[in-house]
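Peer 1: The structure follows.
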Amino acid sequence: MRGLVRWWRGVIGADAYERYLESHHRRGHTHAPMGEREFWRAKVDAQERNPQGRCC
Amino acid sequence: MTTVSSGGSAAEVDEGPPAAVDDEVLESERRRWTPLRIAVWSAIALVGGLGWVMLALVRGETVNAIWFVFAAVATYLIAYRFYSGYIERKLLKPDDRRATPAEHSENGQDYLPTDRRVLYGHHFAAIAGAGPLVGPVLAAQMGYLPGTIWIIVGVVLAGAVQDYLVLFFSMRRGGRSLAGMARDELGRVGGAAAVLATLAIMIILIAVLALVVVQALGESPWGVFSVAMTIPIALFMGFYLRYLRPGKVGEVSVIGVALLLLAIVAGGWISESGAAAFFTFDRTTLAWGVVVYGVIAAILPVWMLLAPRDYLSTFMKIGTIVLLAVAVVVVRPDVMAPAISEFAGDPAGGPVVPGPLFPFLFVTIACGALSGFHALISSGTTPKLLQKERQTRFIGYGGMLMESFVAIMALVAAVSIDRGIYFAMNSPAAMTGGAVDSAAMFVNSLGLAGVNVTPELLAGTAQSVGEQTVVSRTGGAPTLALGLANILSGLFGGAALMSFWYHFAIMFEALFILTAVDAGTRVARFMLQDAVGSFVPKFKDMSWRPGVWIGTLIMCGAWGGILIMGVTDPLGGINTLFPLFGIANQLLAAIALAVCLAIVARRGSVGALWIVLVPLVAVTVITVTASLYKIFSSVPAVGYWAQHNAYRDALAAGRTSMGAARTPEAMEAVVRNTFIQGTLSILFLVLALVVIVAAVLATLRSLREGGRPSFEDDPVPSRLYAPSGLVSQPSEKELEARWLAEVGPPARSHH
């Protein structure tokens, strides 16, 4: 059940910030990661600059 | 900088376990036929064979829908296990020792190794939409069998192959777009034609999708209210995520879905109250509304409308499809349509889709069997999220099989409703006259076996789903909604919830389509700005607002024009425009496969070239034939120019009424519309042929030279491991366990 919830969060993209943090630490960066609010803003800004289609 | 993969220091990782299972070990495991395996696969083959026999050969009174599920799922499993395995081995040869873009370019955002099961859901939500739900409904005119065969065989040999190949090649190129790959492989002319064709095709796709929504919402206060409510709901979610609780996507999605369900229920109250008139619009007004919505939605910041709508749409998409699959299996409705209908052999086709079965069945069902649009997704977000090269098979090929299954369920829903109602709903108003009496008369005059529809039946059906009428609700969505309501009310709620489920289905189709319209307009605008930017550099700057506004207006003007034309078409918009939609989508597939052909030849894989050639030749023959019919057929219902000339000559001869066009203005509209449709047919065909010829020339050159240097990224050694599919082989499990023990858990699998 917990696996299913985790899967679901992954599919809709609810865990994007957690994964970003994980990735940030994994890559061994020494600078501070983006804050949560800042991250989500950056995420939609990126979508703004580079739109992705949805299929019919 | 040394890349460190999963925790620990670089040195540790260098010494660590290998990044791939040895190819030979994996291969020998896959080929080891244990008695259990033989038994399982024999059982799958038997069940599938039985399903096909029941569908194709046994002629009882009715056939049960469960056989569709058996035939489809067993065929998918066999195709996945054997054919996609063959493609992997002979053609693509993935190498898990190479890092994927997600690994070597990881940035924590768009490049990020993602668990394959999560990515599967993600990719599926991006490729599936209203397309696989609508096409099979229209094709049900020909009976259930032709559509079923094409959806299943088409996906196995064409659709899933295209998605898999494009995903793989794009991954090897850092997630390059289809247009980018076309430029690399086909040179300037071929590349430019590919970009232009993609842009033109997107416009017609958006227009027809919007037309489907408008047809479903016209004169339906319930539908208009509940769909209109998605806008404030999405705005609320957008502000919530931006200012109140940033990043709480799961929480806001649940709130959004709850509000959405409330909006559907409230639509019922509205339709029975005095406010109904306020939400009743004719289709032309609605079409203008959708165009204005499109302009505003594509200009508003992403966070306000697009992003929250996307969350809702994903939530509903996966939820509803699971619900539908469960319902079909549990309820097992009986199928009312014959295997092969009276219209399948008629060269003029039927009232829903004009034209002969070949090629029009194959363009009517595009999504679900072969959808060119997927090439844009498979070369967009997904390749940047793959953990391992071998996973492209599960995501690309496997993802498309799931969409095909959705199409099969849509077909089941369409053929499980009464045939008389089906034809009354899907024949254009020009034929049914728009009223229950005339529609019943028209349907009964078709001479269909076992069909005897009464005005009372049509009126009663409309009442049971809370609509004013079901006559000539073309576009597929209302028929599908009725079928779904039938099936789902068998599972939950019975007749009392029939109208709820009907509007639930209308709502989620509208939700998918409006998301696709919004996102599609943005993508098209982006492509336009990029193209114009080559001449006027300022347009390339995506943050330059006037450029964004001009681009958006041009794109909305283009698809909006076609939409208005379709809505006001005296001959009925869906039956004239839907073939163009299918042709456009399939031509995009032909372009994508042509690019794949050039890439395969460049790799020097001559022996495996047929894997691409089979679908490429098939789709080229289908679309070229269909285009030629649309351009040259002398049957007015089929050929755009034949219709154009017939009406032009009639006007010249001084006639003031012809067929469904009862005024000179309506006749002029037919002349104008057929001119535009005919011109678009020619444009699509010419552009696609330019791309295909360019690809064939590039292929021949590669073959002559025995392969050419590829445009793939240089290999980077991989430092992470994950199994390739849903079910792991022993060697995969063993290596995964070794990584877990020696390096620690990879991203997102600690549960």
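Positions of Cβ are set from backbone N, Cα and C atoms, glycine also.
Because TrEMBL annotations are produced automatically, they should be read as predictions rather than curated entries.
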Peer 1: Between the candidate ranges B:360-382, B:429-451, where does TrEMBL place the transmembrane segment annotation?
Peer 2: B:360-382
Peer 1: Counting Cβ pairs under 8 Å that sit 6 or more residues apart, are there three or more between the transmembrane segment (B:286-306) and the transmembrane segment (B:222-240)?
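Peer 2: Judged by the Cβ rule, the two regions touch, with the required three close pairs present.
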Peer 1: Which residues of the same chain, at least 6 past either end of the transmembrane segment (B:675-700), have a Cβ under 8 Å from a Cβ in it?
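Peer 2: Same-chain contacts beyond the flanks: 182, 185-187, 189-190, 193-194, 196-197, 200-201, 204, 562, 565, 576-577, 580, 583-584, 587, 590-591, 594-595, 597-598, 601-602, 609, 616, 620, 623-624, 627-628, 630-631, 640-641, 644.
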Peer 1: Are there residues at least six beyond either end of the transmembrane segment (B:149-169) with Cβ under 8 Å to its Cβ atoms? List them, or say none.
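Peer 2: Apart from its flanks, the transmembrane segment (B:149-169) reaches 56, 71-72, 75-76, 79, 83-84, 87, 91-92, 94, 127, 136, 139, 178, 181, 361-362, 365, 368-372, 374-375, 378-379, 382-383, 386, 389, 392-393, 395-401, 403-404, 407-408, 411, 589, 592-593, 595-596, 599-600, 611-612, 614-615, 618-619.
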Peer 1: What is the pLDDT of the domain 'CstA N-terminal' (B:64-626) when averaged and given as a whole number?
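Peer 2: Per the prediction, mean pLDDT sits at 94 for the domain 'CstA N-terminal' (B:64-626).
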